[in-house]
Structures are given as C-alpha cells and as structure tokens.
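For reference, the structure is listed below as structure tokens.
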Amino acid sequence: MADKSSSNAYWKANIRIIQISLVIWFVCSFGMGIILRPMLKGINVGGADLGFWMAQNGSIYVFLVLIFGYAIVMNRLDRAHGVEE
Amino acid sequence: MDQFTLNLIFVGITFAIYIGIAIWARAGSTAEFYAAGQGVNPILNGMATGADWMSAASFISMAGIIALAPAGGYEQSAFLMGWTGGYVLLALLLAPYLRKFGKFTVPEFIGDRFYSGGARLLAVICLIVISITYVIGQMRGVGVTFSRFLEVSTDTGLYIGAAIVFAYAVFGGMKGITYTQVAQYVVLIIAYTVPAVFISLQLTGSALPQLGLIGDHSASGVAFLTKLDQVVTELGFKAYTSESANMLNMFLFTMSLMIGTAGLPHVIIRFFTVPKVADARSSAGWALVFIALLYTVAPAVGSMARLNLTTTMWPASAAGNALDGDALSYEARPDWMKTWQATGLMEFSPGYPLTDKPADVKIREGVVAALGANPAAVLHMTGADGVTKEIRAEGGDAAAIDAAIRAALGEGFKPRFLDRNGDGLVQYYNDKSEAMKATAASKGFAGNELSKVDNDIMVLANPEIAALPGWVIALVAAGALAAALSTAAGLLLAISSAISHDLIKGSINPNISEKGELLAARVSMGFAIVVATYLGLNPPGFAAQVVALAFGLAAATIFPVLMMGIFSKRINKQGAIVGMLFGLVFTAVYIFVYKGWFFIPGTNMLEDVAANYVFGISPLSIGAVGAVVNFVSAYVVSSMTKEPPQEVQELVESIRIPKGAGAATGH
C-alpha cells in the first residue's frame, strides 16, 4: 500500500478529474439539452436546433466519451501513484 | 410459412439458447451465485448490464412515449438523457469503489460503512420495494408479448416466461443470468435496430437511423424533422420539436431518472462481477455503448413511426399537405390496423363500457352525444362472423340511442368504428386544438375518429407499418421477450441476494454454511419468482404509478447514502439513517399526496394535475429533491454527532484505492 501522503495526492487528483467530468456532464445534458436550448435556437441541426439534438442524441455521445475518458485517465493516474492492481 | 410459425421458430430458438447457457453455467458457490465468481470480462459484463437495464419499457414503450406525447417529442428527452446519464454517475462516483469494497450486495456496503444493522435493514427494505415494483412490469410485459405473437392467453404466456426465468436464474445465479443476458442483448438489439434501418432507408435514404433523424425526408426533399413538425401541426398536434412547457420539471425529471438509475440495486450489483477496479470503470462505459445503440435509435424509431402513422391516415401528407386530400377510408384500412384493432391497442371507436364508473359513464355519454349531434353519424358494430350493424340517431333521443346500442351489445355486437360525420373516412386530428376548430368545421369533420393508438404499437407494429418481411416481425417478438426476461432475472437476483445474504446470513443466522446460504439463495429466488408471477397475474391497480416510487426511492435513499459513504469520512451512522429516512418519507409523501396514500384510489389529498403541483414539480420528478433532502439532513445530523470509528474511516481510505481489490468475500 502506498504511503499516506501519496494516497492523499491520488485522491485529490481523482476528485479534480471527477469535478471536471461532472461539469461537462452537466453542461452537455442539463445545460445545452434543457436550460440553454432557447439560447441555442439559432444553431441549426438537420431541421431542428442544437439543443434539441443534444437532448435526443448528442448528450448520450458525450456521456460515452466521458466514461471512457475517465477510465483511461484513471488508469494512468493509478500507475503514476503505484496503486494499480 | 405463416407468421405464427415464424414467430414460434424464432422464440423457440432463442429460448433453447437461454436454457443451454443455463445448463453450461450452473453456479457452484455463493461467489458464483451472487457475483458470477468475479470473472466476467468487462465487455461481456457491459452487454449483460445493457440487457439487464433495458426492460420491456425501454424496448416496447419508450419510442412510442416519445412519438405520441401530447407535449411533443422533445419534452420526453428526459427519458433518453436520464436513462443514459446515470451511467456517468455510476462510473465516476460508485462502481469502482463498490467493486473495491468487494462484497456481494448494496445493503452490505451500507451496513459496514455505517456500522449499523439498522441502516442495512433500511436499505434492504428500499431494495425490495424498488425491485418488486419493477419486476411486476417485466412479468406483465412477458405475458402481453406472448399473447400478441404466439396466440396464447396472457396468463399462459406469463407461466411460460416464469418457468424459463426459473430454469436459468435459480440454477445459474448471477453466472447463469450474466451469460444468458449477453445472448438476450444480442437478440434484443438486432430486433430493435433492423426494422429501424429499413424504415430509415425508406424515409430518408440513410442506413443509420441516427443520421436519418437529422437527414432529409426523401419524398418531400425537406429536412425530416421539419416535415414531421409540419405534418403534425397541420393536424393540430404539438410539434415534435416544440419546447418544454415547464423547464424546471423537465430538469428535475431528468435528474431523478439519472440518480435513480445510479441508485438501482440490480444495476449496481452488475459491477461486482468484474475482476478488477479498472474493469468496473470501463465496464460502465461498455454498458453505455450497448445501451446507447438502442437509445440513440429510439427517437428515430419514434419520430419515423409517427410520420408513417400520419401519412397512412392522411395519404396526401406523404408528399404534400395532409388536408389537401381525403382521410383514410375505414373499409380500406391496411391489414396491420385490423390486427392491432383486434388486440385493442388501436381503436376507431371509444367503445361502450357498461359499468357505473364515472369515466365509463362519460364515454357512453360521449358516444350518444356524437350520434345525436350529427344526423349523418354512424356507429359501426361487428358481431360474430363479421356481420355488421349500423346504429344511427335517426331522430331518436339519447335514451333511444342508448337502448339501441345496449340491445346490439346484448346480441354480441361490438363497437368498431364511430364515424362521427358519416363519411366513411377516419379523420385523425387533434380535436381539442382551438386553432384546428375552424378548419375542421369547414371540412365537415365532427371530431377525431382514431380514438386510440397505444404507445406500445410504435415499436411492435413498426415492421408491419413499413411492410417489412415476416421474419423481422418474428425477430421483434423474440427481442421484446429477451428485454423483459433479462431485466426480470436481474431484479430477481437482487431480491434473492438481499433476502439470503442480508437478511438470513446478515441478521437471522450469521453462522450459516456456504452450502446452506446457497440453498437459501435458491429458495428465496424461487419464492421471488412465485411472488412476481402472482403479482403479474393479479397486477395491483397502481402498478404504473409505483414506478415513480421506485425511481424516487432509488434517487432519494440509495444513491445519496452510497455516494456520501464513499466521498465523506465524516458522515456517520446517525446521519446516514436520518438521511435515508427523511429522503424516503419526503419522497413517498409527495407522491402519496397526488397518487393516494399507499396508492389506495380516492385517498389522494390533491388531484394529480399540473396545476396542483408545487412549482409544477410532478410526483415523477420529486426524487431529485428527495436526494437533496437526504444529503442535507445527513450532513447536518452527522456534524452534530460523533464521528465514525477509526476502523470505518480506514475502510473508506481503503476503498478509494484500487490496489488490492482481490476476490470478493462474503464475510
């Protein structure tokens, strides 16, 4: 097991990555898909607007990128701190 | 070969595969029964999670809900974002840490982290309520699919489905369920996407339905969504892409579905089956890949089915304006309409129910009024051998019309088509729209004559609407069964492990041997199947509303307590118990106020309409607020009471680090 200060640094880095990911998660689904939709009216996507497309399809693609991105970044972080299995 | 034989062959082959897998993957230990021995490849686990998660509701109903929603298709995006975005929360906030913890059940984590048998028991109760609620819907879905495609009664279908689940779930446990779910996933995704590809090609020329949705409509040359909006608004319906009427409610509904998804025990336990912490992270991603394959296609399926339905009802709308031509003639309606009319999912007459229920009395009065209001109006009734009878007002008063219809019902005739303006055509439009009234009057319409299109038709009848070959229809039947059976099995496992592991081993008899526990797990699984089958045969009248409670509870109790248990060392036993209780009571009470206390009809204190909701928040959306109540009360109570013991704080330290996860244990 890694020492205490190293595992604290690992946990802090993890929290930071989670925070950034959740901001993107929120902006792309609740933001662009719901709250900001009226503001994105001008951007046309195939007969409707960007907010509509984000709500029906786009946000799901962002979720996928986020989860795999998190898995890759965390695998690297695990190795850097020597806490991988 | 006729359609029935084809359906039988497809369903028979898939069932043989499921049983074969069950025999191959028998569970020999509790680790195999509860967590498939933690040896499942993350991609296969992702597929199994996809099948586990996508239920009869996702497969059969969701596209139809989106397509036919009176508020427009956009508002229903809450389902699309909510039922997928929860996996981000699972992957980032729960799955890796719960896998590192390395036990078998969700209540077990709650019990250990909050060093309290009471907290564990509370979690078991929430888990059982959530899972039982869900499983009723699945069993019902199995029965209904059987009855529609294989010409057996709904009850017989339910027994067959229960026997199949029993075979592989009781013997195989999580191991059997996981590998069966992989096969079920393959069946259900092919069944969902093949018709979608054909229809997308027909309408937009694009083989990818996701691109078809934002592509151009081949027949008219304008964008597909523009065409759909134009056709439905011409008939007085709300545009598919129109904005949400209540943004706050849509926001909270989406949030409730997301954190509810992340808090559903049968989904969480899937991540106990992978070998390593890193696999738990990627497995959530694979699960979402397989779920996204269906969920990104669903809005295309829904919107294209809606356009196909409308152009069938108004042939002129295929290339131009709907109202430039005549509506579909009732006599010339296509065969698939007759098939679905026979099942009662599509109706051209509101019927004539004879009970004294206020809703039924209103339907009867509506029919009598329609006949009385227009001398040309006709009610077509059909008896045995296809004999028809036409009922008109013919100067008679309301009582005479009522007596005539009752007499015909007595002779075995059934109302089939209420032709409100007597032109023999079926006018399908929104007769409640003010803007439509003048047009309708000038065209001589006397009201909407397509009285019912069930949400479920949109997926189930899709291949027939698009005139696809018979094997595609058989495939859809097998896919709907796969979706319902796979979810039912996952839920039953969550229930049985809560009973045998958390209740029996956890509190009643901690010294039970592994063999004894395995037997207890199998017996409780068998018991859960019997209960689920009983409830499927005799569904409580409130079955549909209870789904709100299931998501609300998962969002307001299980998700917050798991997240706090991982991300805070300070939240203690008192905080967790108070948080869960407050979240539970707040959410349940808000739902009961509108839906009736414990769902008993007539005991609701306020009518279940938007005007009565606090800030317009519907009972379906309250789970997100309940979660906030849970978080805040747990934090306040914990900061006023003693911090958790040292060993618990060390437990939290250890689950945050992937190293040393190893095999899970039951102790």
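Note: Cβ is positioned from N, Cα and C throughout, glycine not excepted.
TrEMBL labels come from automatic prediction, so no person has curated them.
If you look up TrEMBL, you'll see B:6-25, B:53-72, B:78-98, B:119-136, B:156-173, B:185-203, B:250-272, B:284-305, B:471-495, B:516-536, B:575-593, B:613-637 (among others) marked as transmembrane segment.
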The transmembrane segment (B:53-72) in contact with the transmembrane segment (B:613-637), cutoff 8 A, at least 3 CB pairs, sep 6+: no
CB contact flag for the transmembrane segment (B:516-536) and the transmembrane segment (B:119-136), at least three pairs under 8 A: yes
Remote residues contacting the transmembrane segment (B:119-136) - C-beta distance under 8 A, at least 6 residues beyond either end: 55, 106-108, 110-111, 264-266, 487-488, 491-492, 494-495, 498-499, 502-503, 506-507, 528, 531-532, 535-536, 539-540, 543, 546-547, 549-550, 553-554, 557-558, 561, 573, 576-577, 580-581, 584
Considering the transmembrane segment (B:284-305), which listed stretch of B:78-98, B:156-173, B:185-203, B:613-637 counts the most C-beta pairs under 8 Å: B:185-203
Contact ranking winner - B:6-25, B:78-98, B:156-173, B:471-495, B:575-593 against the transmembrane segment (B:185-203), Cβ under 8 Å: B:471-495
The transmembrane segment (B:575-593) and the transmembrane segment (B:471-495) contact flag, 3+ Cβ pairs under 8 angstroms: no
Selection from B:6-25, B:78-98, B:156-173, B:250-272, B:471-495, the stretch that has most Cβ pairs under 8 A to the transmembrane segment (B:613-637): B:250-272
Leading stretch by Cβ pairs under 8 Å, where the reference is the transmembrane segment (B:78-98) and the options are B:6-25, B:156-173, B:250-272, B:471-495: B:250-272
Sequence-remote partners of the transmembrane segment (B:6-25) [C-beta within less than 8 Å, at least six residues beyond its ends]: 149-150, 164, 167-168, 171-172, 175-176, 178-180, 183-184, 187, 470-471, 473-475, 477-478, 481-482, 485
